[in-house]
Amino acid sequence: CTVIITRMATKDLHKPISILFCNLAFSDLFTSFSGFWISMLFITNPDITIFGSKDMLAPYALYTVSILSTIYNLVSIGIERYLAVAKSMRTRFRVSRNHSIAVVLINWVLAFFLGCLPLMGWNCLRMEKNLSVLYSPFCVNYLIFIAIPNVVVAFIIPLFTYLRIIIILRKRKLRMKACGQATGTYKSAEMQVARTSIFIWLLALISYAPFFAGVVFDATNHQCPIDLYPGVYIFRNCTAMLITMNCLGNPIIYTLKAKTLGAKLKALK
């Protein structure tokens, strides 16, 4: 909330990348809210989080929407950074505020559509076959449909864009050195934000990889939920804690790395 308020209250932070970072903060806030909802249900009635219930459908759907939104934001930030760094070589296209706003809207529409499919009927409330053990009443085939494509999108595309950014910056540095220009103080704004985005990507990799592993286990498991208690549910809770740590880590990373935001945050303190 502090990051969101700071970015919205500061006019010179209303740049395309700032809009995407602010939207990432909204996604983190959304994830924290849905995680808190699930935690309250676990405290008041632990059995429904283990054996599944209709009451868990909406919280899990909201949780899915927030995770998907975070993933799409990370991909959008990576693509925007690549276009921002490469624009000096290709000046035909430049990301504007309208482009960023359009991307934000598309991300949320896609996240809500895919995340709310269980609320539209793709769930296993009335059948025991294909029922998820970790995230009942979700169906295993729905979790596979959501997890595998989005994991590929979340990790492969940003990795490619960040590697391209590093290659472009390295070539630019070598070109400057060949022309006899000083390269000791060559630390552009693009490099700074690119480094910040890489940290966020690594944090997302650490945070979401166990969740994906849980989905794979869910798809290959044939044991009764009671036989898996309590170990597998402790693992599920740990994956939720890692996702929450990702929500805490994202604003810390890009608040500390972005000097302009850090200065404005101190000014508003």
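Going from the start of the chain as shown, residues are counted 1 onward.
Even glycines carry a Cβ here, placed using N, Cα and C.
Quick look at what TrEMBL lists:
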DOMAIN    1-254  domain 'G-protein coupled receptors family 1 profile'
TRANSMEM  17-40  transmembrane segment
TRANSMEM  60-79  transmembrane segment
TRANSMEM  100-122  transmembrane segment
TRANSMEM  142-167  transmembrane segment
TRANSMEM  198-217  transmembrane segment
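Outside the transmembrane segment (142-167), and at least 6 residues removed from its termini, the chain residues within Cβ reach (under 8 Å) are 64, 68, 71-72, 74-75, 77-79, 81-82, 85-86, 114-115, 117-118, 122-123, 132, 135, 190, 194, 197-198, 201, 204-205, 208, 211-212, 215, 218-219.
Confidence across the domain 'G-protein coupled receptors family 1 profile' (1-254), taken as the mean pLDDT and rounded to a whole number, stands at 79. Here the transmembrane segment (198-217) has long-range neighbours at 24, 67, 70-71, 74, 77-78, 134, 143-144, 147, 151, 154-155, 158-159, 162, 232, 235-236, 238-239, 242-243, 245-246, 249-250, 253-254, 257, meaning same-chain residues at least 6 beyond its ends whose C-beta is under 8 angstroms from one of its own. Within the same chain, residues 17, 20-21, 23-24, 26-28, 30-31, 33-35, 37-38, 103-104, 107-108, 110-112, 114-116, 118-119, 135, 138, 146, 150, 153-154, 157-158, 161-162, 197, 200-201, 204, 208, 211, 243, 246 sit at least 6 positions outside the transmembrane segment (60-79) and bring their C-beta atoms closer than 8 Å to a C-beta of that stretch.
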